[in-house]
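Report on the structure given below.
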Amino acid sequence: MTIHREEFRTAWPQVVRTLAARTHSLDLGEEYAAEAFARATEQPPGLIDDLPAWCVRVGHRAWLDDVRRAERFGKLRYELIQQASEPDGGAPVLDDRLAMLFVACDDVLAPGAQLVLAMRLVCGLTTRQIATHLGISSTTAAARLTRAKASLARARPGFEVPEAVARTARLPLVLACVSALLTVGQRELVDPDDPAVDPGRDALTLAETLAQEYPKDAEAIGLRACCRLALGRRPGRVRDGVALPLEEADRTAWNPILLRAGLADVARANALTQAPGRFVLEAAISGLHTTIRRPDAADWATVVGLYDALVRQWPSPAAHVARLVAMGRRELTAGGDLTAVERDLEQIVTDGPDYAARDATFALADLEHRTNRATESAARYRELAETVPEGPLREFCRLRARI
């Protein structure tokens with residue numbers, strides 16, 4: 001049997017979740033899910049009608065066999081009898097991918113560990129893929145994943161999906177994790193050639209599910225707006241294999257259905273709160289970039305004001321870089337001085353985390369390009385071309401660097 005990637009991505013979190021619940025271990029849930037999927041590929045076509053249910057049965061039986069071999073069956077007999085009445089692969093009340101995301105976003109884990117665990121459990125990405133997306137080594141990604149699982153096992157003996165009250169408490173972490181997936185997609189995969197490996201699309205799917213689960217939460221609606229607007233603007237961002245800046249994108253190729261839905265979410269999110277949070281503000285900024293009639297007509301003063309509010313709510317290096325980009329564009333439009341903006345960006349290049357340093361380098365290269373400092377701009381783009389992944393973004397850097 002051939003398991004298509006989309007079929008795997010849909011089935012994997014459901015099987016892992018069910019087996020982890022039965023074995024009381026994320027590691028065992030993944031181990032026996034992998035074994036079941038491997039056995040599924042050995043079956044003749046047409047034998048398996050329901051892949052998740054089949055894999056749950058096979059993985060569960062494989063675990064029981066190992067338990068018996070380890071002579072622990074007697075200790076677990078009562079627990080197994082209780083579990084035997086559960087339907088194999090039955091549909092849980094909470095969406096499986098969302099349930100696994102709430103498990104991964106336990107606040108006992110560091111944010112970086114939450115993201116790695118979520119990308120592995122929820123998206124089914126390999127360690128190599130996670131490392132590529134996050135710009136870290138495979139060794140580092142594997143170590144983070146191992147530490148995350150160990151920390152979770154120590155802090156939460158046994159596997160369980162948090163109840164509604166606990167899920168609400170974890171919601172900000174979950175939203176941040178989904179946003180990180182969107183960011184990975186925007187930074188690394190401007191134009192995915194494999195729809196089965198698309199963090200941006202994964203983020204949109206999860207954001208839509210979260211908004212349905214929390215329809216009156218302004219931040220959940222704001223995040224969905226961000227995802228819809230980002231994905232709606234993605235068509236037309238690549239020409240002849242080269243990524244395009246937003247102002248050069250082919251706006252006629254944008255997805256009007258997603259954009260209308262995203263703009264409606266922007267309005268709805270703002271109507272739900274008197275104190276906009278991170279994602280409501282990000283959605284408002286994205287909405288402004290979407291609705292301008294001409295690429296050169298952006299109201300940069302308003303954008304800077306929104307970023308000022310965003311930095312107060314979410315003082316991350318990424319938000320600071322984005323604010324400086326907007327300030328630079330405001331100064332360029334007004335014929336102002338870029339010295340302070342470029343100084344602050346250089347500081348982030350020197351002292352900021354890798355992802356923020358890269359974003360700041362892009363910002364400096366762009367400002368130098370716009371102010372006809374060709375030599376300096378080309379040097380920065382040449383440096384970036386050596387570090388960004390293969391694909392349209394690297395080709396953009398090579399074009400600007402005249403390589």
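A Cβ is built for glycine as well, from the same backbone N, Cα and C atoms used for every other residue.
Among the features that TrEMBL reports, domain 'RNA polymerase sigma factor 70 region 4 type 2' is placed at 109-152. The average pLDDT computed for the domain 'RNA polymerase sigma factor 70 region 4 type 2' (109-152) is 79.
Residues annotated as domain 'DUF6596' in TrEMBL: 170-269.
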For the domain 'RNA polymerase sigma factor 70 region 4 type 2' (109-152), the distant same-chain contacts (Cβ-Cβ under 8 Å, at least six residues beyond its ends) come to 8-9, 12-13, 16, 26-27, 30, 97, 100-101, 103, 173, 176-177, 180-181, 184, 188-189, 197, 199, 202, 206, 354-355, 358, 387, 389
Please count the residues of the domain 'DUF6596' (170-269) that DSSP assigns to helix (H, G, I), strand (E, B) and coil.
69 helix, 4 strand, 27 coil
